[in-house]
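Each remark here refers to the structure printed beneath this line.
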Ligand code: LLP
């Protein structure tokens, strides 16, 4: 579901004509829809709350998916928490208005300085991923006179995901303490001055479109909750991570059918029935994926005997998913094509100097000309947040739409900002 649709021959974000944004802000530009973000959050939160109304869940938005301040403030205002993975994310979550008691800190390699910052800020929970981190967290927190609430992220040896690079739950992946070690570590942690173990966390991968792998992993975790309790430990929280996938192939209508969210909620209810734990969730892509597009302009055509290249002003530094994961993004012309428009198979490429800078090959699109605008759909998650300045390209502008209004929530980077932070070594200054 999303709020990008054609109206009077042009693609709109809610009630804003994308051509207006292109004219006023320029391209490339990310455009996000508040209504879509709000709806996704509400649908997810309500479905998870219905699992066990007597123990409301925590929904921690995985802000790595999209850390735009406007997006974060929209979610903070809805009451969401934040799942963070670096000091920068903790700082940005706080700046966006997420209360510390709704922030969790995950990640494979947290440094002493990062842990100290998070503990001092008073965050809700640290998701510990290694024994070394357990020792470090306890030491850091004890030094600050604190006892930090924490859970162990356990690797259930069940992975899944839309691509090998985004699978995290198998034993071959770097994430979490091993399932077999969880009991020993839990017992060790009980005697440590700086931590208070509250439970367990798991996250098996991303862009997962069926519930089977989740179910297998969660069932294992539920078993572990039981055995830890049998050993006398207190296990009050079970953080089930993120990873629910979204449709990247979308019909041009407002809604696309029954939701995976309901199946997922039913499955979680089944697996955690009678467990009496406080559930946590860390959705990222599900909340923001379909809520954003990357609008770009056609610069040139480059016809070859065997193919037609369409060179656009966005590149792999702006949206790396196709180059990095062979990801598919639909491409919609911003000006609606006539029903009988000639179709051309394009290789859509960016200006960067490597062949990997290809968004798609042989994609049938209505015939396009220089200066035409097109939109990469479903670019709200892991789009802008993974962008870089490769080839000394400016980070693109980001815009948040609400109804008939829009705001530039991240102005296009300037050349002064891009070049101004470099320092020449003294011997060459
Ligand atoms: N929790 C943890 C511990 C995670 O590592 C992640 C994502 C999430 C939650 C949120 O997962 P989601 O609900 O968004 O699937 N850049 C890749 C995706 C990487 C996902 C990393 N971890 C992509 O563009 O497909």
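Placed from the backbone N, Cα and C atoms, the Cβ positions cover glycine too.
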Quiz prompt | Which of 124, 346, 382, 390 belongs with 243, 282, 283, 284, 285 in the pyridoxal 5'-phosphate site listed by TrEMBL | solution = 382
Exercise. Would you mind listing, in sequence order, the residues at least six apart from residue 64 (N6-(pyridoxal phosphate)lysine) in the same chain with a Cβ closer than 8 Å to its Cβ?
Key: 83, 85, 89, 284, 382, 385
Quiz item: Cβ under 6 Å from ligand 1: which of the recorded positions 321, 353, 354 qualify?
Solution: 321
Exercise. Summarise the model's confidence over the domain 'Orn/DAP/Arg decarboxylase 2 C-terminal' (30-380) as a mean pLDDT value.
Key: 95
Exercise. Rank the binding-site residues 325, 382 by the number of other Cβ atoms within 10 Å of each Cβ and report the first-ranked residue.
Key: 382
Practice problem: Rounded to the nearest Å, what's the C-alpha distance separating residue 321 (substrate binding site) and residue 353 (active site, proton donor)? Just drop the number here, would you? | Solution: 17
Quiz item: Roughly how many Å separate the Cα of residue 325 (substrate binding site) from that of residue 353 (active site, proton donor), to the nearest whole number?
Solution: 19
